[in-house]
Amino acid sequence: MFASTWQTRAVGVLIGCLLDVVFGDPKRGHPVALFGRAAAKLEQITYRDGRVAGAVHVGLLVGAVGLLGAALQRLPGRSWPVAATATATWAALGGTSLARTGRQISDLLERDDVEAARRLLPSLCGRDPAQLGGPGLTRAALESVAENTADAQVVPLLWAASSGVPAVLGYRAINTLDSMIGYRSPRYLRFGWAAARLDDWANYVGARATAVLVVICAPVVGGSPRGAVRAWRRDAARHPSPNAGVVEAAFAGALDVRLGGPTRYHHELQIRPTLGDGRSPKVADLRRAVVLSRVVQAGAAVLAVMLVYRRRP
């Protein structure tokens with residue numbers, strides 16, 4: 001059906017992106033949720049309070065997913081490689097669900113329904129919402145939309161385009177494990193070390209590509225490309241994450257808001273440096289962040305196809 005592997009991959013990536021835009025994540029039976037349950041079951045066997053045990057745990061899961069992806073990509077049939085690439089890309093993306101949740105939190109905060117916004121926030125990030133009021137919920141949601149623009153939108157597309165089904169499924173496995181065990185809590189400080197470091201590596205290039213796209217797309221929401229570059233260069237290194245800081249700083253500068261500060265998780269309170277030098281984010285800024293995130297995903301889809309064509313034999 002298609003003349004070469006690169007055409008197959010390009011078409012599959014675009015179809016997968018379209019599936020995410022149209023359908024989003026299913027409420028039941030999502031492959032990432034199934035993987036998460038399997039990882040939790042395996043943890044009951046592999047858990048030891050040490051880095052080696054954590055590395056074994058991550059290696060088994062990511063290796064299994066990568067082998068599954070390689071097998072799917074090599075099944076016979078002219079249409080199957082496109083279907084496999086499209087399905088894997090769709091499973092790894094989460095842009096539509098991210099935007100939907102961001103808009104729902106915006107709606108709740110505009111109605112001053114803080115309790116409902118608190119209940120919804122954990123579906124977006126791992127923050128402890130119990131002590132957060134409207135401004136804190138707004139900042140937490142905006143920071144999560146920014147960070148997940150890379151994790152759930154741009155980076156999966158780049159891995160799918162550059163290396164195919166095994167890579168994009170392996171990336172989603174790594175990112176899911178980081179969200180499950182990559183914390184500095186007493187239980188996971190050592191066991192989750194490998195997941196956290198591998199996630200840093202897997203997102204390094206993609207996070208910076210995301211920041212570049214934020215700079216380019218900022219005018220769509222009335223944002224400042226110059227402000228995005230300034231905050232990125234000045235503030236990103238202050239963030240405890242080498243990747244989230246890049247994207248969050250770019251969003252802060254583009255939207256002329258100030259992010260960072262006290263950040264409470266269930267296991268600890270982090271006092272983070274500020275990113276950007278604008279105003280405290282308002283609900284309208286959260287809405288702008290959601291729109292910017294979606295535009296960045298569209299830009300990433302174009303970039304992914306360009307990457308496939310550039311790598312063709």
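Glycine is no exception: its Cβ is also placed from the backbone N, Cα and C atoms.
Some features that Swiss-Prot has for this protein:
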| type | residues | note |
| --- | --- | --- |
| TRANSMEM | 52-72 | transmembrane segment |
| TRANSMEM | 79-99 | transmembrane segment |
| TRANSMEM | 154-174 | transmembrane segment |
| TRANSMEM | 204-224 | transmembrane segment |
| TRANSMEM | 289-309 | transmembrane segment |
The answer for the transmembrane segment (289-309), taking Cβ pairs under 8 Å and residues 6+ beyond its ends, is 6, 9-10, 13-14, 17, 93, 95, 98-99, 102-103, 106, 142, 145-146, 148-149, 153-154, 157-158, 160-162, 209-210, 213-214, 216-218, 220-221, 223, 251, 254-255
**Prompt:** the transmembrane segment (154-174) and the transmembrane segment (52-72): do they have three or more Cβ pairs under 8 Å, with pairs 6 or more apart in sequence?
**Reply:** yes
Near the transmembrane segment (79-99) in space but 6 or more residues beyond its ends, with Cβ under 8 Å, are 1-2, 5, 8-9, 11-13, 15-17, 19-21, 23-25, 30-32, 69, 72-73, 124, 145, 148-149, 152-153, 156-157, 159-160, 164-165, 168-169, 171-172, 290, 293-294, 297
Other same-chain positions with a Cβ less than 8 Å from the transmembrane segment (154-174) and lying at least 6 residues past its termini are 9-10, 12-13, 16-17, 32, 35, 58, 61-62, 65-70, 72-73, 84-85, 88-89, 91-93, 195, 198-199, 202-203, 205-207, 209-210, 213, 296-297, 300-301, 303-305, 307-308, 311
